[in-house]
Amino acid sequence: MDLSTVLAALPFYQQDKDGNPAITSIENDHRLIQEGSIFICIKGFTFDGHNAAEEAVQRGAVAIIAERQVNVSVPVIYVPDTKRAMAHVAAQFYGYPTESFHLIGITGTNGKTTTSHLIEQILRANGETTGLIGTMYMKIGDETIETKNTTPESLTLQKTFSKMKRAHVTSAVMEVSSHALQEGRTNGTAFNVAVFTNLTQDHLDFHKTMEEYRTAKGLLFARLGNVVHADKPAFAVLNADDTASTVYKSMTAAHVVTYGIDNKSDIKAENIRLTSEGTAFTIHYPGGTVDVQSKLAGRFNVYNMLAAFAAGFVSEVQPETIQKALENVAGIAGRFELVPNSQNKSVIVDYAHTPDSLVNVLQTVRPLTKGRVIVIAGCGGDRDKTKRPLMAQAACRYADEAIFTSDNPRGEDPKAILADMEAGVPNERYTVIEDRKEAIFKAIETAQPGDAVVIAGKGHETYQIIGKDVFHFDDRETAKEALLQKEGGQA
Ligand SMILES: CC(=O)N[C@H]1[C@@H](OP(=O)(O)OP(=O)(O)OC[C@H]2O[C@@H](n3ccc(=O)[nH]c3=O)[C@H](O)[C@@H]2O)O[C@H](CO)[C@@H](O)[C@@H]1O[C@H](C)C(=O)N[C@@H](C)C(=O)N[C@H](CCC(=O)O)C(=O)O
Ligand SMILES: Nc1ncnc2c1ncn2[C@@H]1O[C@H](COP(=O)(O)OP(=O)(O)OP(=O)(O)O)[C@@H](O)[C@H]1O
Ligand SMILES: N[C@H](CCC[C@H](N)C(=O)O)C(=O)O
Ligand SMILES: [Mg+2]
């Protein structure tokens, strides 16, 4: 593809020098430039790509897209906003790949990763070749690709979609974070179905107010299905029990399908039974009912399964196929994941890192536990500080014993993060153990048979970020180690 064809995706741009070189790749990281690349200069939070333009040219860049003046020998294309331009240019370069397969996007504070995995299984049960993009990884069929963000920036997205297209993916599912929507990472991506899980507090460092946060998530619905073709409809799948859905309904032109437990909805769960084996419930959908017996614990997972059912249903998967797929899911890594042991202790690793998810997981554990519930909770550094006291309150209120520890302190002093947590519970009893490994060992050592230990916050993560250092750390491994020590070698 030549430069002018790539640039056809951008209106009114200015090119400072003539030239129409052949383009081999588009990059926004100058370290990845090869001969024939276009380099897009992005001013980020820590690095300004404009400062690397010259080096990019030395490495083989044949054109630069920039917001401000750069002095290089190759054509420079000036645009007002390079991040915005990147989404259009990437979609053009990769040939608008999302138009080639069915794409389901999921937004919401909690439950995106869980629901996306449920949907992946539903699509597979329907015989589809699947793609998945989210917090844990990107997947094309069975191949997994590492990822840094829940929703990568537009260039990585379009490149991945293009790989999916080449791998003959027929249906894909992805988590769409509020950061991504606000920054336009999914501009150039065509969704057929958009799913909303729920809206509770998180990310107020980035969005500032809950209203702004809600609006950012709403962009997924607002950008969906303005022209709804009868043969290729678009659907907004909304949670009837969450008030934000009313706003999203008003924002979208797509067909709306609701799911829920309490309020009137198109897809509704009834007769819910929560047991130590999982959940059992009946789903009523337009035209019938199915009974589901799932290994996933907790009422919140009934919501995730309803959302997944609805997404499958509007994607024309048979209800019985959806039911079987849901029943076959044994669990999602790091989400209510049990660490097996012979000490009759329920050791649960869970990714709850918001006040609402912590309440949910503890409320789920409580009735399933004969003895005491011990929780280990911490809060990430360089992230929403206002959720810290609320998470501490959830821990003290819904567990019998709370241990506050470090999550990923990142650039903050771990003690300052813990102090923010403590400020939320001036009159409660809790223990502070800054070192996460020590905290896990202490909880498991203290736990008696019949007790539950909930290790919250890091779920599937296999690292801990302290300062700029990334150490190997896995709550599940550490819990196993602690259990082994307690047993004198036998977990
Ligand atoms: C705060 C934030 O959103 N940061 C994102 C941002 O990083 P940044 O602005 O610091 O980037 P930067 O390092 O300054 O680099 C700027 C540009 O220079 C380029 N560069 C950089 C270095 C270099 O030597 N040469 C070079 O060319 C980079 O490729 C980039 O294009 O751009 C990066 C590349 O796209 C992202 O990976 C990074 O996400 C970081 C890891 C992050 O933690 N983001 C969080 C806040 C986030 O986005 N979370 C959401 C929601 C999570 C959820 O709720 O599930 C998510 O979708 O992940
Ligand atoms: N529907 C739900 N409602 C409330 N809490 C939930 C729900 N589903 C999961 N959770 C809780 O939230 C945690 C994170 O779940 P999950 O990873 O599926 O969410 P996510 O939206 O992908 O999170 P992230 O934004 O970090 O990617 C779980 O470990 C569980 O404690
Ligand atoms: N997607 C979430 C992950 C939080 C995980 C938690 N372990 C932390 O580091 O705060 C976020 O970016 O807020
Ligand atoms: Mg996720």
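For all residues, glycine too, the Cβ spot is worked out from N, Cα and C.
TrEMBL has this to say about the protein:
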BINDING   G108, T109, N110, G111, K112, T113, T114  ATP binding site
BINDING   R383, D407, N408, P409, R410, G457, E461  meso-2,6-diaminopimelate binding site
DOMAIN    106-311  domain 'Mur ligase central'
DOMAIN    334-459  domain 'Mur ligase C-terminal'
MOD_RES   K217  N6-carboxylysine
MOTIF     407-410  motif 'Meso-diaminopimelate recognition motif'
Averaged over the motif 'Meso-diaminopimelate recognition motif' (407-410), the pLDDT of the predicted model comes to 98
N110 (ATP binding site) CB neighbourhood, other CB atoms within 10 A = 23
For the binding-site residues listed here (D407, E461), which one has the lowest count of neighbouring CB atoms within 10 Å of its own CB?
-> E461
Binding-site residues R383, P409, G457, E461 vs N110 (ATP binding site), shortest C-alpha separation belongs to G457
Who sits close to R383 (meso-2,6-diaminopimelate binding site): which same-chain residues at least 6 apart have their Cβ under 8 Å from its Cβ?
-> H203, D205, R410
Quick one: pull the CA-CA distance for G111 (ATP binding site) versus N408 (meso-2,6-diaminopimelate binding site), whole Å only.
-> 21
Could you check which of the binding-site residues (D407, N408, P409, G457, E461) sits closest to G108 (ATP binding site), going Cα to Cα?
-> G457
Report, in whole Å, the straight Cα-to-Cα distance of T113 (ATP binding site) from E461 (meso-2,6-diaminopimelate binding site).
-> 13
Within 10 Å of the residue listed as 'N6-carboxylysine' by C-alpha distance: pick out those among the binding-site residues K112, T113, D407, N408, P409, G457, and say none if nothing qualifies.
-> none
